[in-house]
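Undergrad: Got a structure for you, questions after.
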Amino acid sequence: MTTLFISDLHLTPSRPDITECFITFMRTEAKNAEALYVLGDLFEFWVGDDDKTPFANQIRTEFKALTDQGVPVFFIQGNRDFLLGERFCKETGITLLDDVCTIDLYGTKAVILHGDTLCIDDVEYQKFRKTVHQPWLQWIFKRIPWYLKKKIVSKVQSDIRDDKQMKSLDIMDVNQSEVEKVMSQNCVNLMIHGHTHRPNTHFFDANGAKNTRIVLGDWYTQGSVLQVNSDGFELQNRPFNT
C-alpha cells in the first residue's frame with residue numbers, strides 16, 4: 001500500500017486544467033491509496049465553509065466520494081485555506097489535523113506541516129499570519145455575509161501578490177535553524193511540507209542524526225505527488241492534459 005501527499009494545488013475556477021488533473025488523481029491513484037494527506041493551499045483562497053458555489057461543491061464531491069470508498073483523508077490548513085474548518089470536514093469525511101503533526105510512515109516517525117511557519121525570516125508575513133489566526137477575528141469574519149467576505153479576500157489576495165513582488169526569494173524560503181528546531185521538538189528525522197513551491201529532497205546532519213526534508217511541489221504547471229510506502233518515497237509529477 002502507498003500513502004500519498006499533495007499540497008499547493010491552488011484550485012480555482014479560472015484554472016480548469018489544475019482541477020481536471022486533481023479530479024483524475026482523486027479518481028485513479030488516490031482511490032487505491034492507504035491514506036491521502038493534503039498539506040494546505042488546496043484552494044487559491046478559501047473564503048469559508050459557507051461557500052456553496054458549484055466549484056466548491058465539485059471539490060467537496062470528490063473528497064466525499066474518496067472517503068466513502070474507505071480512503072482516509074487528512075488535511076492541514078495552509079496560508080490560503082486556513083478558514084477551511086470542521087463544517088467542510090464533516091461534509092466531506094476528511095480529518096482536520098493540527099498545524100504541526102507527527103505521523104507514523106511504515107515504521108518511520110515524520111513531522112508534517114504546511115511549511116509557512118518555517119519561513120521565519122519573512123517577518124511581515126509571520127505578523128500577518130499571527131493576526132489572521134486570532135480566534136476572535138476569525139469568529140467575526142465567519143459571520144460576515146459570504147459576498148462581503150469574497151470582496152475582502154479579493155483585496156487581501158491583491159495585497160499579497162504585490163507584497164511578494166517586493167520580497168527576495170531567500171526571505172520566502174524556510175529557515176534551516178527553524179527546520180532543525182521543529183524536527184528536534186518532535187523527535188523526528190523526517191519532515192514533509194509544502195508552501196515554498198520548491199520541490200526537492202534535502203538531506204542534512206543535525207541534532208546528532210541524519211535527517212531528511214521533503215518539499216512538495218505546487219500544481220501551477222503540473223501536478224506534484226509524493227508517494228510513500230514501506231520501500232521508501234518518490235516525489236513525482238503529473239502532467240496536465242493539453
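Even glycines carry a Cβ here, placed using N, Cα and C.
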Undergrad: Of the residues Asp41, Asp49, Asp50, Asp231, only one is listed by Swiss-Prot in the Mn(2+) 1 site with Asp8, His10, His197. Which is it?
TA: Asp41
Undergrad: Do you know which of Asn79, Asn229, Asn237 Swiss-Prot groups with Asp41, His114, His195 in the Mn(2+) 2 site?
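TA: Record check against Swiss-Prot: Mn(2+) 2 site with Asp41, His114, His195, extra candidate from Asn79, Asn229, Asn237 is Asn79.
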Undergrad: Can you figure out which of Asn79, Asp122, His195 (the binding-site residues) comes closest in space to Asp8 (Mn(2+) 1 binding site), comparing Cα atoms?
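TA: Minimum Cα distance from Asp8 (Mn(2+) 1 binding site) across Asn79, Asp122, His195 lands on His195.
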Undergrad: Give the number of CB atoms, excluding that of Asp8 (Mn(2+) 1 binding site) itself, located within 10 Å of its CB.
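TA: A 10 Å sphere around the Cβ of Asp8 (Mn(2+) 1 binding site) contains 25 other Cβ atoms.
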Undergrad: Centre the Cβ atoms of Asp8, His10, Asp41, His197, go out 8 Å, and tell me which other residues of that chain have a Cβ in range of the Mn(2+) 1 site.
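TA: For the Mn(2+) 1 site the neighbour list reads Ser7, Leu9, Gly40, Gly78, Arg80, Gly194, His195, Asp218, Trp219, Tyr220.
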Undergrad: Using the centroid of the Cβ atoms of Asp41, Asn79, His114, His195 as reference, list every other same-chain residue with Cβ within 8 Å of it (recorded Mn(2+) 2 site), in sequence order.
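TA: The answer, listed by sequence position, is Ser7, Asp8, Leu39, Gly40, Gln77, Gly78, Arg80, Gly115, Asp116, Gly194.
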Undergrad: If you measure C-alpha to C-alpha, which of His10, Asp122, His197 (binding-site residues) come within 10 angstroms of Asn79 (Mn(2+) 2 binding site)?
TA: none
Undergrad: Across all the protein chains here, work out how many other Cβ atoms are within 10 Å of the Cβ of His195 (Mn(2+) 2 binding site).
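TA: Counting Cβ neighbours of His195 (Mn(2+) 2 binding site) within 10 Å gives 26.
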